[in-house]
């Protein structure tokens with residue numbers, strides 16, 4: 001039996017015009033039809049009809065780069081440059097990281113993402129088996145990868161074990177419908193060229209995505225040049241790592257030739273504007289990337305460096321900083337960042353059958369409640385999504401045709417239990433020595 005979902009507005013994708021008083025028709029996990037409410041209901045008699053009323057129905061958002069377990073570190077070290085934040089605070093406490101912390105931190109982030117309309121995300125961190133466990137229980141979709149470092153990991157120990165773990169995950173989740181595995185070298189200042197080369201080979205062997213932080217700060221570039229005599233992107237090019245499976249995160253410090261190089265090799269980039277701003281890393285040349293034809297996704301980065309997982313805020317910021325930087329309000333538009341946060345994000349993560357509410361696509365959708373004051377009047381539903389909406393305005397979320405949140409209530413997670421567990425973890429973290 002099919003189900004029909006209607007709403008005041010439906011945003012099918014970044015290309016199609018919004019439809020007022022429309023419907024989508026879902027059979028099992030896919031959309032099979034769409035149209036005006038009266039026409040669809042008469043066409044599919046005796047079907048379940050879910051009338052959402054005064055709401056906007058739109059494709060679920062894709063957080064294309066984050067570190068979800070790091071919600072447990074939110075607020076622990078603030079107003080610091082990236083290298084100080086990482087080396088003096090985050091790396092020391094991560095050395096004491098526990099599986100339980102990762103599991104409950106992931107659950108906390110998943111709650112936040114569901115309430116932000118996110119149906120899919122990309123994660124790089126430690127103890128990723130625990131991240132996967134939380135994802136499987138929650139119903140979300142994700143591309144995940146165990147972070148690879150030259151130094152010993154609290155998760156897998158010596159470097160070689162990291163490759164073994166990654167290969168194990170690649171084999172075990174080869175045919176999973178909601179979870180894909182990426183090869184995830186952290187950066188070229190924590191991974192030697194030899195390590196990154198092994199990651200590239202593993203990515204090629206399994207035709208898997210390779211997810212890496214790249215050219216995030218000038219300090220990163222200087223450190224890599226001191227070590228190896230070349231810029232990170234030059235090393236990656238020589239190693240054969242710039243290709244259509246590359247997901248390069250940040251890319252704040254790319255110049256024109258490097259942007260052209262990424263475009264020519266069909267590499268993807270993920271833009272994380274709010275994290276880049278908060279850490280003082282700079283502003284990525286987003287409009288230049290888009291003009292070059294690069295597929296760019298949008299990510300929040302981790303909740304310890306942002307400090308939230310609100311993709312509405314990320315879309316708005318991505319637009320505003322480019323308009324201000326270029327002193328041109330037309331240089332980037334709402335539909336551009338909406339595409340980055342939906343279909344392009346999904347494609348970058350390897351899920352090409354979602355990100356649009358069109359026939360043949362998976363029924364992965366979010367619902368924005370128009371009853372909030374800042375969403376009135378509703379002349380332009382896309383502009384409301386990008387410039388006015390906030391994460392708390394999402395009332396419902398569906399993945400693969402199944403409700404994950406209904407009427408503001410998350411179905412798959414006990415929210416109160418998660419909060420209580422995180423309070424206990426906070427006490428444990430406070431007993432862990434940190435750099436001053």
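Quick reminder: no glycine exception, Cβ is built from N, Cα and C everywhere.
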Using only what TrEMBL says about Zn(2+) binding by 65, 67, 213, identify which of 150, 255, 301, 308 is listed for that site too.
301
For residue 216 (substrate binding site), the nonlocal same-chain Cβ neighbours (under 8 Å, six or more residues apart) come out as 82, 187, 249, 250, 251, 252, 253, 276, 281
Could you state the CA-to-CA distance between residue 213 (Zn(2+) binding site) and residue 186 (substrate binding site) to the nearest Å?
6
Return the maximum Cα to Cα distance in Å (whole number) over the record's substrate-binding residues: 94, 186, 216, 301.
21
Rounded to the nearest angstrom, how far is the Cα of residue 67 (Zn(2+) binding site) from the Cα of residue 186 (substrate binding site)?
12
Can you check what DSSP calls residue 65 (Zn(2+) binding site), collapsed to helix, strand or coil?
strand
Cβ contacts of residue 67 (Zn(2+) binding site) (under 8 Å, same chain, 6 or more positions away):
123, 124, 125, 301, 302, 303, 304
Winner by Cβ contact number (other Cβ atoms within 10 Å) across the binding-site residues 94, 301:
301
